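**Q** Would you mind keeping the following structure in view while I ask a few things?
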C-alpha cells in the first residue's frame, strides 16, 4: 500500500445521511492524517456510529464523498474494506468459538498464511493465551474487548475504526485499551475513534472533533479547542485524588 | 472479490457447523416435535385413519420430514439474527471478503444440519416399523427433493432472520409453514376433505412433495407429481432468494 504522507488517510467531505425525516448527518467534513489518532466526540445519538458505518461501507451516504487511503467509499468499497478494520460498539466476537478460533477465523477470512501462528502471537500480545482454548461466552467484558481489538489488528490494516471502544469497561480494561490504541498509532496505524468520554479523547487523541446534531461544530487539537474557551482564571484548589486513582491504587495494592 | 467466494464460504461454513456440533441440543429440539407428532399420529390417530394397504407410518413419514425441515430452518433464522445482533455480521461485512458468502454459509449449514435431523427422524420411524425397499437411486432422489425443499424454506428463513426486530419474531415465519402439511395429503387422504379444503390441499406445495417422496419410497411410479414438486421448490427458492437479497441490500443502504 503506497500512500503519500501529505494526503490524509481518511477524508470526509459533506457526508449526509437521513432516515426519513430524521437527519442524522447534515454534512460532515473531516480529515485524518496518517498514523494519527482522531477522536470523534459526541453524545448519544449524535451520529457517530452512523458515520463510522458509512466509512466502513456498511451504510451508503445520501450525499457527500469520503475516501480511505485514497479509495473512494462509494466506487471502490472492496478496496476500502481491504484497508480498514472496524471494531464496533459491541464486541463482535463469536461466543460459541474459543478465543483462538475467533482469531484464526478472521485470519483465514483475510486470506493470510499461517493463521494459527498469527492467532498465537495476538493471544500472547493481549494476555489471552491462558484463555485461548476457552469459549468466548466465558470471557469477561474486558477480555472480550481485547479479543475484539486483536481480531481487528489481523492483517495490519492501515486504518482502524473504533466505535466507543471503552463503553461499559471497568477502569483497568479501559487503561489496557488505551495503551493498545497508543501502540497502534505509534506503529503508523491511523485510528479514528468515537467516544462520549471526554477524558478518553483528551488522553489519546492528536485531534478532536465534536459532532453535534449531525455536524462537526469544533475540530482541532486539544490546545486549539481549549483556546475556544475564555482564558482560565487562576484559582487555588487543593488537589484531591479522583475516585478512579484511588480505585486503581487499591487494586494494584491488592495484586502485589 | 468473487474469486474468494468458495474459500470464504467454506471458512464460514466451518464456523457455523461448529455452532451446530457444539450445541447438539438444537438438533434434539428440532427433531423432538416431529418425532412426538409421529408417535401421536401413528399410535393414537393412526388406527382411525384409512390409508388402504399402506402402513400408516410409511404414509405419514414424508410429511413429518417436511415439518422437521421447517422447524430446523427456524434455527437458521435464529443464528443469522444472533450474528446481526452481536455485530459479528457487520464485522464480516466490513472485511475484504465475498460478502454474499456470509449468507450462503448459513444456508449451507441449514442444509447439512437438516439432513442430519431428517436422518434421525427416519431412524426413529424405522424403529416404529417404517420399511422401504427403495433403490439407492430412489433414496438419492428423495434426498435431492428434501435438499431443494430445505433450500427453499431456508431462504425464507433468511428473510426472517434479516428483518426480525426481536428474537421472538425470528421464528414466527415457521408457524404457518409447520401447519401446511396438516392441510395436505401428508396425514390423511385428501378425498375425505370438504370441497374447498380439498381444493386447497391438492394444489398447495406440500401435497405434491409428500406424494412424490411417498411414491419414491414405495417404489411406485411418481407420475407428474415430481415435476409439480420440483417446480414448487424451485419457484419458492427463486422468489425467496430474490426477496432475501433485496432485504439484505436494504439493510446496507
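Our numbering is plain: 1 for the first residue shown, then up by one each step along the chain.
Any Cβ shown, glycine's included, is placed from N, Cα and C.
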**Q** Write down the single range among B:1-19, B:172-190 that appears in TrEMBL as transmembrane segment.
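**A** Checking TrEMBL against the ranges B:1-19, B:172-190, the transmembrane segment one is B:172-190.
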**Q** Who are the long-range neighbours of the transmembrane segment (B:102-130) in its own chain, taking Cβ under 8 Å and residues 6 or more past its ends?
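**A** Distal contacts: 5, 9, 12-13, 15-17, 19-20, 26-27, 30-31, 34-35, 38-39, 42, 55, 57-58, 61, 64-65, 68-69, 72-73, 75-76, 79-80, 83, 89, 92-93, 143, 146-147, 150-151, 154-155, 157-158, 161, 244, 248.
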**Q** Should anything in the same chain at least six residues away from the transmembrane segment (B:24-47) have a Cβ under 8 Å from its Cβ atoms, list it; otherwise answer none.
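**A** Tertiary neighbours of the transmembrane segment (B:24-47) are 56-57, 60-61, 64-65, 67-68, 71-72, 75, 113-114, 116-117, 120-121, 124-125, 128, 187.
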**Q** For the transmembrane segment (B:136-160), give me same-chain residues lying six or more residues beyond its boundaries with a C-beta closer than 8 angstroms to one of its C-beta atoms, as numbers and ranges.
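**A** Beyond its ends, the transmembrane segment (B:136-160) has Cβ neighbours at 65-66, 69-70, 72-74, 76-77, 80, 103, 106-107, 110-111, 114-115, 118, 169-174, 177, 209, 212-213, 216-217, 219, 226, 229-230, 232-234, 236-237, 240-241, 243-244, 247.
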